[in-house]
Each structure stands twice: as C-alpha cells, then as structure tokens.
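As recorded in TrEMBL:
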type	residues	note
TRANSMEM	B:30-49	transmembrane segment
TRANSMEM	B:55-72	transmembrane segment
TRANSMEM	B:79-99	transmembrane segment
TRANSMEM	B:105-126	transmembrane segment
TRANSMEM	B:138-160	transmembrane segment
TRANSMEM	B:180-201	transmembrane segment
TRANSMEM	B:221-243	transmembrane segment
TRANSMEM	B:270-298	transmembrane segment
TRANSMEM	B:310-328	transmembrane segment
TRANSMEM	B:348-368	transmembrane segment
TRANSMEM	B:375-392	transmembrane segment
TRANSMEM	B:404-430	transmembrane segment
DOMAIN	B:458-571	domain 'STAS'
2 protein chains.
Amino acid sequence: MAFDPRSLKRYFPILDWGSKYRMDTFANDGIAAVIVTIMLIPQSLAYALLAGLPAQMGLYASILPLVAYAIFGTSRALAVGPVAVVSLMTAAAVGNLALQGTAEYAAAAITLAFLSGLILLAMGLFRLGFFANFLSHPVIAGFITASGILIATSQAKHILGVSASGHTLPEMLEALWEHLPETNLITLVIGVAATAFLFWVRKGLKPMLIDRGLSPRMADISAKAGPVAAVVVTTLAAFVFGLSDHGVKIVGDVPRGLPPLTLPQFSGEIWAQLFGSAVLISIIGFVESVSVAQTLAAKKRQRIVPDQELVGLGASNIAAAISGGYPVTGGFARSVVNFDAGAETPAAGAFTAVGIALAALFLTPLLYFLPIATLAATIIVAVLSLVDFSILKRTWGYSKADFAAVLATILLTLGFGVETGVSAGVILSIGLHLYKTSRPHVAEVGLVPGTEHFRNINRHDVLTDPAVATIRVDESLYFANARFLEDYILDRIAGDDALKHVILMCPAVNEIDTSALEALEEINKRLSDGGINLHLSEVKGPVMDRLKKSHFLDELTGQVFLSQFAAMKALGDVTYQTPKPKAAE
Amino acid sequence: MAFDPRSLKRYFPILDWGSKYRMDTFANDGIAAVIVTIMLIPQSLAYALLAGLPAQMGLYASILPLVAYAIFGTSRALAVGPVAVVSLMTAAAVGNLALQGTAEYAAAAITLAFLSGLILLAMGLFRLGFFANFLSHPVIAGFITASGILIATSQAKHILGVSASGHTLPEMLEALWEHLPETNLITLVIGVAATAFLFWVRKGLKPMLIDRGLSPRMADISAKAGPVAAVVVTTLAAFVFGLSDHGVKIVGDVPRGLPPLTLPQFSGEIWAQLFGSAVLISIIGFVESVSVAQTLAAKKRQRIVPDQELVGLGASNIAAAISGGYPVTGGFARSVVNFDAGAETPAAGAFTAVGIALAALFLTPLLYFLPIATLAATIIVAVLSLVDFSILKRTWGYSKADFAAVLATILLTLGFGVETGVSAGVILSIGLHLYKTSRPHVAEVGLVPGTEHFRNINRHDVLTDPAVATIRVDESLYFANARFLEDYILDRIAGDDALKHVILMCPAVNEIDTSALEALEEINKRLSDGGINLHLSEVKGPVMDRLKKSHFLDELTGQVFLSQFAAMKALGDVTYQTPKPKAAE
C-alpha cells in the first residue's frame with residue numbers, strides 16, 4: 001500500500017496547520033494562551049471540587065489533555081479541559097461507586113475518563129458522530145439550564161460554609177435547609193462578596209474600563225482576570241487574618257509538581273458500572289464541544305470535522321486518564337474567550353497547557369489559603385449564565401411535543417439528577433418523534449378542476465369518482481406506522497360498495513421498509529378479496545428501485561402510475577365526476 | 001352525567017354480543033370449546049413445565065383468564081391461555097429472582113402475571129397500543145423463530161431424561177452435551193416415539209383419514225386429538241410397566257380441585273426487578289395476540305379494537321394472578337383451531353374454561369403417570385412450526401437494515417436469551433430508522449424543459465440558473481437530521497460566488513421540529529451573511545401553519561412560493577439557462 005500523506009493529515013490535523021505555522025500566529029496563540037491560563041487556573045480547581053475530587057486533579061486535567069487535543073483536534077479555537085456540566089456528571093457517576101475523598105473515588109474518576117476516551121475514539125473511528133444528533137436542540141437547552149441550576153445550588157453550601165450533599169435539587173435544598181443554622185458568617189461574607197464582585201466584573205467592569213479610556217480589547221482581557229483578582233484578594237485575606245482558624249474552609253495542601261502517571265482500573269465490574277455514565281458524558285461532552293467549535297469556525301468561514309473531533313476529544317480523555325485527570329471536553333465559555341483573544345491554531349491550547357504546568361509546578365503553595373467559597377463563587381457566576389428558560393416559551397409556541405421533551409428534561413434533571421434527566425430527554429424526543437410518525441397525516445384527495453393538481457377533499461372543492469379513492473400518505477412507511485395505514489385503508493373501504501380502485505399516492509413516501517411492505521401486501525390481498533384493485537402513484541425513484549426487488553409489484557392487482565393525473569385519467573370516469581361539498585374542516 | 005349504554009358496551013364487549021346470543025351460536029361455540037379443551041389440557045401442563053412451574057399452574061392459567069377475556073375481549077376467535085413464548089419469557093424473568101421449584105418462584109410468576117396485567121390495562125385505558133408498533137415485523141419474525149429454537153432445545157433434556165439448565169442456546173447445548181452420558185434409554189424411546197407420532201399426526205394423519213372417507217372437518221378434529229392420544233398411550237405404558245421405577249420422570253401428584261385464590265407479592269423491590277420483564281411480556285403477548293386476532297377477524301370481515309384487546313388481556317392476566325396462574329396471552333395455534341372449529345363468540349373461551357375446570361377437578365389423578373417426555377414432545381412439535389428462517393432471505397433482498405435487525409434479534413436471542421434478544425431488536429429497529437432518516441436523501445433539482453416539473457440534476461437533463469440552487473429534501477426535518485441539512489447547504493454554497501438564491505423545496509417535508517427550525521434559522525443567517533437569500537417552495541399546509549407561529553418567516557431573507565415553478569419564474573433568469581450534461585450518477 002502506497003503511503004498517502006493526506007490520510008495521515010486526516011488523523012493528525014497538526015501536520016496540516018503545523019507545517020504552515022508562522023511567527024505572528026505564534027504571537028497571537030501565545031496571547032490567547034496567557035488569557036485562557038489566567039481564566040483556567042481558578043476554574044480547573046473549582047470544577048475539580050465540583051466533581052468531588054482533590055483540587056490538583058483539575059490542574060492535571062488541564063495539561064496533557066490540551067496537548068492531545070492540539071495534536072488530534074480540528075477546531076482552531078476550542079479550549080479543552082474540565083467543564084462544569086461534565087464535572088457534575090462525573091460526581092453523579094462516581095458517587096455511585098465510592099465515597100468522596102477516598103482513593104477509590106479518584107481512581108473511579110480516572111477510569112471514567114479512560115472509558116469516555118475509548119468511547120469517543122470508537123465513535124470517531126467508526127464515524128458514529130451522528131449519535132449526537134439524537135439529542136434534540138430543545139433537550140440540550142433544557143438539560144444545560146437544569147444543570148446550571150443544580151451546579152449553582154450545589155455550590156451554595158460552600159458560600160454558607162456548611163456541609164451538605166445530594167445529587168438532586170430537592171436533596172440539596174433539604175440538606176441546605178437542615179444545615180442553615182451552622183452557617184459560618186465569615187465564609188458567607190467572603191462568598192457573597194466574591195459572587196457580587198464577579199457578577200459586577202462580568203456586567204459592569206468592561207463598560208467602565210472603556211469609559212475610562214481603555215481599548216475594548218484590553219477592557220475585555222482585564223474583565224477576564226476578575227476571578228484571579230478575587231482569588232488573590234480572598235487568599236491574602238485568609239492568610240493575613242488567619243480565617244481558617246475561624247472556620248473558613250480553605251483549599252489547603254495542593255501537591256506541587258507535574259501530573260503523576262496514572263492508570264485506569266481494569267476491572268470488568270467497574271467498567272460495567274461506569275459504562276452508561278461514560279456514554280452519557282461522552283455524548284454530552286461531544287455535543288457541547290462540537291456546537292461551540294462549529295459556531296466559532298463559521299465566524300472565520302472554516303469547517304471542523306465532527307468525526308475527527310471525536311478522535312481529538314477521545315485522545316484528550318485518555319490523556320486525562322494517564323495523567324491523574326478526570327473527564328474533559330471543550331468548554332463553551334473558555335473557547336469563546338480563546339477565540340476572542342485571538343487564538344489561530346490548536347497550538348494555543350498547547351501553550352495553555354504549558355501555563356497550567358507552570359502553575360502546578362510553582363503556584364500551588366500560594367493556593368494553600370484560597371477560600372473554597374471563592375471557588376464556589378467562580379462556579380456560580382459561570383454557570384448561572386447557562387440558565388435560560390426561554391426555550392420553554394419558544395417550544396410552547398411552536399411545538400407542544402418539543403415543549404414536553406424540554407419540560408421533562410428540566411424537571412427530571414432537577415428532581416432525579418443529570419443522568420436520569422438527559423436520558424429521559426433523549427428517550428422522550430425519540431418516543432415523541434416515533435409517535436408522531438406512527439400516526440401520519442393521511443388525506444383523501446381529489447382533482448382541482450381545470451388543473452392536474454390533487455388536494456384534500458375535506459379542504460378543497462375537488463372532483464372525485466365514487467369508484468376511485470385516492471389516498472395520499474404524508475410520511476415514509478415503516479414499522480411504526482405500517483399497521484396504521486392498514487387500519488386506515490380497511491376502515492375507508494368498509495361498506496363502500498361503489499369502490500373499484502384504491503390509489504395510494506406516494507409523493508411524500510421516502511422509504512417503505514419490510515414491515516410496511518408486508519402491510520401493503522396485506523392491504524393488496526384484502527382489497528383483492530373485496531374485488532378492489534390497489535394502485536400506486538408518484539412513487540419516488542429510490543422507493544421504486546427497492547419495490548422492484550420484492551414480489552409486491554408482481555402481486556399488485558393494479559398499476560403503478562408516474563403521476564396521479566395519469567392514474568385518474570386511466571381509472572376515473574372523468575365525465576361523470578361530481579363535485580363534493582367543501583367540508584367545514 | 002346521563003348514562004350512556006354505548007360506553008358500557010365499549011368497555012364490556014360481552015354486553016354487545018351477549019345480548020344477541022342464540023342457540024345455534026351456543027352449539028358452534030360448544031363444539032369449538034370441546035376441541036380446544038382437548039388440545040389445551042396437555043399444552044397447559046407442558047407450558048407450565050416450560051415456565052419452570054408446577055403442572056397444575058398451567059391448568060389454573062387456563063380457567064379464570066379465559067372467563068375474563070370473554071367479558072372484556074373483542075376478538076371472537078382468540079383462545080387465551082398459556083403460550084410457549086410467554087412461558088419461556090416467564091422462566092427467564094422469574095429465574096433471575098428465585099430457584100425453580102421453590103414457593104418464591106411460583107409467587108414471582110404470579111406477581112409477574114399481575115404486573116403484566118396492570119401494564120396491559122394501563123396501556124389499554126391510556127390508548128398506548130401504538131407501543132406495539134415499535135416492534136417491526138422482521139424483528140417479531142426473528143424473535144419468534146429464535147424462541148422456537150430455544151424452546152425446542154430446552155425440551156431436549158426431557159426427551160433424553162437428564163437434568164440440564166440454561167437460558168441461552170450455548171448454555172443449553174453445553175449442559176446437554178455434559179449430561180448426554182446419563183441419558184435414560186426408556187425415556188428416550190418414549191420421547192422420540194411421541195415426537196415422531198405427533199409429527200406424523202400433524203403431517204400425515206389428516207390426509208390418511210380423508211383418504212379413508214372421513215370428512216375433512218372430522219379428519220382435522222381427529223388430528224387435533226393426537227396429543228391426547230400420545231398422552232393416554234404413554235401414561236398407560238408408564239402405569240402398566242412401572243416405568244418411573246426405571247428412571248422415567250413422570251408428572252406425579254397434581255393437586256385435584258379448582259384454582260386456589262392467590263395474591264401477588266406487594267413488594268416494591270420485587271416489582272422493580274420484574275417490571276422490565278413484565279413490559280416485554282406484555283408487549284410480546286399483545287403483539288402475538290392482536291396479530292392472530294386481526295387475521296381471524298378479517299376472514300369474517302369483522303374488526304377488533306386493539307386498545308380494548310389490551311384491556312381484555314390485562315384482565316386475563318390479573319385473573320391469572322388471583323387464581324394461581326401465570327402470564328397468559330392469545331395463542332396463535334389454539335386460536336386458529338378455535339376459529340376453524342367454528343367458534344363464533346368469546347363464549348367459546350368461557351366454555352373452554354369450564355372444560356379445563358372439569359379436568360382440574362376430575363382428571364388430575366389420571367395424569368400421575370404421564371411421562372414428562374410426552375409433554376416435551378408436545379412442545380417440540382408445536383414450537384418447531386414457528387421456526388421460519390425465510391424472513392432472513394426476504395429482508396436480505398429487500399432491505400439490508402431490516403436484515404441486520406432480524407439477524408441481530410435471532411443471534412442475540414439464541415446467544416443471550418429472550419429479553420436481550422427482543423430488546424436489542426427493538427432498539428436496533430428504532431436506531432436504524434433514526435439513522436436512515438438522519439441522513440435523508442437530498443437532491444439538487446432543475447427544470448425539465450417544456451414542463452413545470454423539477455428533477456435531480458444528476459439523473460436528468462434539466463435547466464438550471466447558476467444564480468439559483470434548488471435543493472429538495474426528501475424527509476421530514478427533525479432533530480436527527482437538522483445538522484445534516486445545515487452541513488449540506490453550507491457545503492453546497494462554499495466557494496460558489498455566482499449564487500444569489502437558495503430554494504429549499506419541501507414537498508416531502510411532513511414536519512419541521514424545533515431543532516430543525518433552529519437549523520433553518522442558522523442557515524438563513526449564514527446565507528444572509530454571504531449575501532444569499534433563502535426561499536422555500538411547496539411547503540405543506542400543516543408545516544406552514546406551524547412555521548407561521550414562529551419568527552422564522554419574519555427573518556427569512558427570501559419568500560415562500562406555493563410551487564417550485566413559480567419560484568423559478570420569479571427568481572431564475574429563464575432565458576439564460578444552460579442545460580447541464582447528464583452525469584453518470
């Protein structure tokens with residue numbers, strides 16, 4: 001087999017953009033990397049705590065995975081690393097297996113990253129990216145909103161300085177209520193102040209800086225450093241005033257150094273228990289990642305390759321698993337920052353990894369006095385921007401089925417946790433789609449006088465022949481609606497003694513599967529028993545090709561007409577047609 | 001609220017046919033009942049053993065459930081009671097909870113019947129019968145064939161007279177091979193002789209009797225009594241020669257009397273463990289039952305009411321649960337016999353119940369010496385008629401996707417048991433359907449010269465305008481293909497600088513859900529960014545009604561045309577069209 005360098009570039013996109021890498025690209029990527037690093041240090045610590053893991057695992061998940069994505073990923077602006085929703089899902093998945101704070105818990109998170117990596121890689125290599133299409137937009141929107149609420153609520157305990165647990169909204173609220181009297185006032189002050197400050201940084205700082213003469217870009221970058229300012233100020237306060245002696249929880253000892261080499265657990269039992277969660281995390285992570293990557297690529301008229309994105313994210317997660325991290329994906333907010341800061345290639349991600357590695361080597365001692373409440377404030381402000389109930393209003397007006405799917409996703413996510421919520425959303429979306437297509441729109445049609453067009457006899461003044469019934473079915477025929485069609489036609493002919501021909505008009509039939517074919521054979525036989533011929537009209541090319549492979553056309557008592565008008569001319573007694581009265585409909 | 005006798009008849013079909021019941025109907029129903037009773041006595045014992053239950057539970061499941069169905073059912077020929085596939089599924093479900101032969105095992109089977117009854121009733125009252133549509137015909141055919149093989153194999157141990165167990169084909173074959181040396185020769189002789197005799201009765205007896213001058217109907221009835229003859233002869237042999245002392249296993253003590261009053265276990269844990277199995281048993285049972293009922297009803301131009309059938313079967317299963325039975329449904333073979341024997345109303349079932357009750361009262365002592373091998377032979381001969389691999393050949397020729405679903409169903413049923421097999425078949429059917437619709441057929445079309453028709457530019461000589469691209473999508477637009485359409489259109493416009501208009505031609509679009517609407521909004525925006533207008537043509541009435549409820553039409557940069565020809569006249573420069581060469585396709 002000859003060596004084809006294109007195929008290598010397909011699997012290693014770095015060979016493509018890397019070969020054209022120039023000095024000015026390096027400068028732009030470098031600036032973006034600095035900004036993302038500043039944003040990522042507090043976020044990575046915070047999300048690790050959200051996942052129930054030691055803070056340093058957040059840093060570890062922000063080093064090697066970014067390098068792996070830079071080699072295999074196709075998006076030029078995607079910022080990979082720990083993200084809020086996946087961290088919450090990790091806590092839910094691993095929490096079933098082990099207690100937070102134990103070595104088993106961390107090991108299970110590493111194993112989860114490994115499994116998720118394998119699943120993403122497999123989906124990429126077998127081009128199964130279409131699985132992500134089964135998550136409908138409304139379900140994703142509902143899930144993200146509900147997750148934002150869950151995450152913000154889960155952090156409230158750190159703002160209050162109490163211990164409380166739970167994976168669902170009722171559990172969390174009950175635990176918070178129960179522990180409310182134990183609130184640590186100093187922690188509360190730090191937490192509320194940090195939250196208020198970060199909200200102000202997000203909304204008020206940038207316009208103020210621009211007013212004072214800063215360029216919009218510099219103002220934007222300064223605003224992104226808000227969380228770092230909050231971290232520095234509250235850490236200093238905790239150090240100077242010895243707040244940990246007054247019950248303020250601090251991050252404490254974070255091991256200094258580069259990520260350790262780790263291995264996932266190779267236990268069939270653990271893999272089996274984590275598999276379902278790993279599939280959900282992989283798909284949710286992929287959807288979040290690919291959505292933001294596509295949006296950003298389109299702004300520069302670039303394209304990403306979704307199947308190769310799966311490989312990139314898969315490699316990232318395996319990298320996380322072998323370097324003490326936990327499941328990662330492309331984060332929405334950080335990717336937008338990376339793009340806005342001028343990142344031009346995935347190298348920006350690799351440079352970010354260097355920044356985080358330096359932080360892991362030299363900054364961790366400085367994080368000792370960082371109050372947990374500050375990290376909680378960072379998370380709360382970040383995730384509340386994800387909460388958006390407008391999807392409920394939009395779907396209510398447009399499609400009640402989609403509304404039902406969103407509402408169920410939101411309520412079940414809040415009430416029963418992330419895995420139940422998103423699973424129910426997917427199942428409900430698919431179920432409602434199948435339900436809709438299982439009762440297709442079927443109309444009996446007649447000829448619009450003076451034209452070759454046929455329209456619904458209940459909506460229009462049309463010509464019909466009592467000996468001919470033309471039934472137009474507005475859906476592909478497949479197993480879910482095969483019985484419906486059979487019932488509809490047999491009900492239609494019952495007691496109609498004048499009928500000699502039934503024409504099935506198929507312009508909207510894009511497929512006839514084996515179940516539907518058997519139903520058509522049955523209809524043909526039953527009509528034949530009653531002395532009625534079955535005809536088809538306007539069958540599409542691919543459907544006709546398929547029918548020719550079966551015996552159906554041999555058994556068909558009638559003909560197949562290219563157009564409905566030709567069918568009516570051949571079968572109907574055009575001169576004796578009587579106009580039907582227009583029904584109220 | 002005024003009393004409406006029709007609504008009562010809707011829920012109690014017995015009020016309808018019962019009020020018209022006449023003496024000659026009674027005679028016909030009575031004869032059918034005698035024949036079905038003769039067939040049902042050995043079958044009910046055999047199927048109870050197949051389910052791993054004491055023989056009398058088969059009799060109990062053939063009394064009250066039949067009466068309940070006669071009150072609530074709408075089919076005039078359906079013979080309800082224990083059937084092979086549901087018995088096998090019962091063994092698989094209950095075997096997870098308890099050991100065969102224990103009181104817990106029987107109690108779990110009773111609970112399973114109760115749960116299955118509740119599920120069927122709920123499906124009937126909420127009109128959820130369409131759930132059964134998700135089982136495609138090929139999946140059902142594959143499942144029934146694989147179940148037939150599993151059941152026949154499971155009975156081989158009784159023919160050999162050895163103990164062997166297993167729920168899957170490899171387990172069973174391995175166990176049989178292991179225990180082969182322990183074969184009891186007398187049992188083997190009885191088993192093989194009974195099997196051969198019953199096959200001969202099925203194939204050879206009826207023609208022979210007709211040859212000898214019997215009327216075809218009498219010949220048929222005599223052939224149906226074949227299993228009873230086998231039972232009588234082998235029981236006598238076992239009694240006379242004391243075969244049980246030579247290791248031949250016999251039925252033994254079957255308690256004499258009417259069914260006891262029983263109650264299901266009301267334990268949340270047991271219900272949770274049985275729920276999934278109960279759903280599968282309910283749906284499989286319903287599908288088997290409604291298929292045969294519809295076929296038989298159609299022969300007399302009658303109709304059944306599927307949602308009321310659910311109520312009828314639900315009532316039967318609850319009746320089974322309170323009278324010491326186990327899950328029941330309408331059996332295929334017995335229903336055909338019932339119909340052929342002249343049953344005219346559900347009363348035939350009630351009369352059969354009387355027959356079985358008399359058997360339970362008076363015949364059970366006579367069954368003491370009945371060899372198990374004879375019952376096994378009855379089952380083997382009955383289920384092998386279900387085995388039919390022709391579905392593989394038919395789907396291979398017609399639809400590879402359906403072929404894959406059947407093959408997976410057969411292999412997984414044989415390899416991993418009934419529940420895995422049928423679940424995988426359903427999931428695969430739905431998955432393949434979604435996969436197909438997620439990559440819809442999309443064609444760029446042009447005007448057929450001299451007509452108003454538009455055809456695929458790659459298949460036909462058509463006229464196009466370089467400034468106008470008309471894209472026809474042959475599928476409803478919904479979440480699974482929303483991204484595909486977006487990708488297709490954005491790929492199409494990339495680099496085409498002459499393009500000014502994109503027309504989306506929608507004659508086969510039967511639905512646009514919220515995800516697809518968002519994709520259209522995105523396409524509109526991206527095209528607009530590139531100075532291209534998006535138009536729609538031939539949008540169906542219901543789809544247009546829905547679009548008017550959204551903001552999409554306000555934002556649309558182009559127009560909505562009633563016909564594609566009108567769109568081309570308005571947007572295309574008809575005089576400057578250049579015919580494209582016909583591509584090879």
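Keep in mind that glycine also has a Cβ here, set from the backbone N, Cα and C atoms.
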Paired segments the transmembrane segment (B:310-328) and the transmembrane segment (B:348-368) in contact, 3+ CB pairs under 8 A: no
Contact between the transmembrane segment (B:30-49) and the transmembrane segment (B:404-430) (at least 3 Cβ pairs under 8 Å, separation 6+): no
Stretch-level contact, the transmembrane segment (B:55-72) and the transmembrane segment (B:348-368), CB cutoff 8 A, at least 3 pairs: yes
Remote residues contacting the transmembrane segment (B:79-99) - C-beta distance under 8 A, at least 6 residues beyond either end: 36, 40, 43-44, 47-48, 50-53, 58, 61-62, 65-66, 69, 73, 105, 107-109, 112, 144, 147-148, 150-151, 154, 167, 270, 273-274, 277-278, 280-281, 284-285, 288-289, 312-313, 316, 325-332, 334-335, 337-338, 343, 348-349, 352, 379, 382-383, 386, 417-419
Among the ranges B:138-160, B:221-243, B:270-298, B:348-368, the one whose Cβ pairs under 8 Å to the transmembrane segment (B:375-392) are most numerous: B:138-160
Tertiary contacts of the transmembrane segment (B:270-298), as residues 6+ beyond its ends and Cβ separation under 8 Å: 74-78, 80, 83, 85-86, 89-90, 92-94, 96-97, 108, 111-112, 115-116, 119-120, 123, 129, 131-132, 135, 140, 143-144, 304, 306, 309-310, 313, 327-332, 335-336, 339, 418-419, 422-423
Range from B:138-160, B:221-243, B:404-430 with most C-beta pairs under 8 A to the transmembrane segment (B:180-201): B:221-243
Non-local residues, at least 6 beyond the ends, that sit with Cβ under 8 Å of the transmembrane segment (B:221-243): 35, 38-39, 41-43, 186, 190, 194, 197-198, 201-202, 205-206, 209, 214, 250, 337, 341, 366-367, 369-371, 373-374, 377-378
Secondary structure tally of the domain 'STAS' (B:458-571) (DSSP, helix then strand then coil): 50 helix, 23 strand, 41 coil
